[in-house]
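Going by Swiss-Prot, these are the annotated features:
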type: BINDING; residues: TYR13, ARG30, ARG46, TYR47, SER54, TYR125; note: Fe-coproporphyrin III binding site
type: BINDING; residues: HIS181, GLU262; note: Fe(2+) binding site
Amino acid sequence: MKKKKIGLLVMAYGTPDSLDEVEAYYTHIRHGRKPSEEALQDLIGRYKAIGGISPLAKITKEQAHKLTDSMNNMFTEYEFNCYLGLKHTAPFIEDAVEEMKRDGIEQAISIVLAPHYSTFSIKAYNERAIRLSEEIGGPVIEPIDQWYDEPKFISYWADQIKETFTKIEDNEKAVVIFSAHSLPEKIIAAGDPYVEQLQYTADLIAAAANIQNYTIGWQSAGNTSDSWIGPDVQDLTRDLFEEHRYESFIYCPVGFVAEHLEVLYDNDYECKVVTDELNAAYFRPTMPNAQSTFIDCLATIVSRKMKEIVDKELILNNN
């Protein structure tokens, strides 16, 4: 019996593959407006500081393909085909949807490699994909909107924190800062659940790791005229030190799923500069990347959506 093909659309932010691509990438982020030479060189300098280019592109591809392999192992009666769609670099989200159409994919599941829902991220990704699929007559895309409370995601970070605390002598003088990418404050006024979801993720992880000293912060805010969600993790670090005299800071950027510029520079460089100034210890647990435990987490999320689709089809076929 021929297996039914299912498209697995894995979406992520994207990153330049080389320093030569940084300007085009930055221009795309700015909706077609080229950055100033000063802003461009600042961004290039950040990439150089982490070794020349971000590992994100390689990690994202590995995550997508390993997830697809896991799905094929879990659902042997179906054939999952991997399609990678990126927000700001090729292959763009639209490229992936068009490729699915050319390949004859009639049904697809989409997942964004970001756990927390916001109109700026997950909603925007899925809308781009679904809008084009409707325009070109398929495939039908079943989106996964959020997975910030997935137990295996919570367990991953709780385990990382527990391991980190084994390296700290005085746990009562340590604090965990859970962070995500800052977004414009106007999303809060519009009822976006992004902030509440990060707090809930932090509460779940803290409970699972049995830690008392923790808070949430925001990082990597854009350089625009908008007000962005705060406090920024660097300011937060200084405030926490002044108030509690913490000796160890553990940064958990749970809004991200891989090592990339925002983690390797904004956390590992900029936050460490602050902890060094305060003569405090800096810790940042290992990111999920393409570790088997995290791939299993993603597969659990996608398989739940797949079972919903299968159950829906059974109901329709029995009517």
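The backbone N, Cα and C atoms fix where each Cβ goes, glycine too.
Given the structure is predicted, the values throughout are model-derived calculations rather than measurements.
Of the binding-site residues ARG30, ARG46, HIS181, HIS181 has the largest number of other Cβ atoms within 10 Å of its own Cβ.
Cα of TYR13 (Fe-coproporphyrin III binding site) to Cα of HIS181 (Fe(2+) binding site): a distance of 12 Å. Between the CA atoms of HIS181 (Fe(2+) binding site) and ARG30 (Fe-coproporphyrin III binding site) there is a gap of 17 Å, rounded to the nearest whole number.
Looking only at other Cβ atoms within 10 Å, the busiest spot among the binding-site residues TYR13, TYR47, TYR125 turns out to be TYR125. Between TYR47 (Fe-coproporphyrin III binding site) and GLU262 (Fe(2+) binding site), the C-alpha separation comes to 10 Å.
Each residue contributes its Cα atom, and for GLU262 (Fe(2+) binding site) and ARG46 (Fe-coproporphyrin III binding site) these two points are 10 Å apart. Among the record's Fe-coproporphyrin III binders, TYR13, ARG30, ARG46, TYR47, SER54, TYR125, no two C-alpha atoms are more than 26 Å apart, and one pair sits at exactly that spread. DSSP gives GLU262 (Fe(2+) binding site) a helix state.
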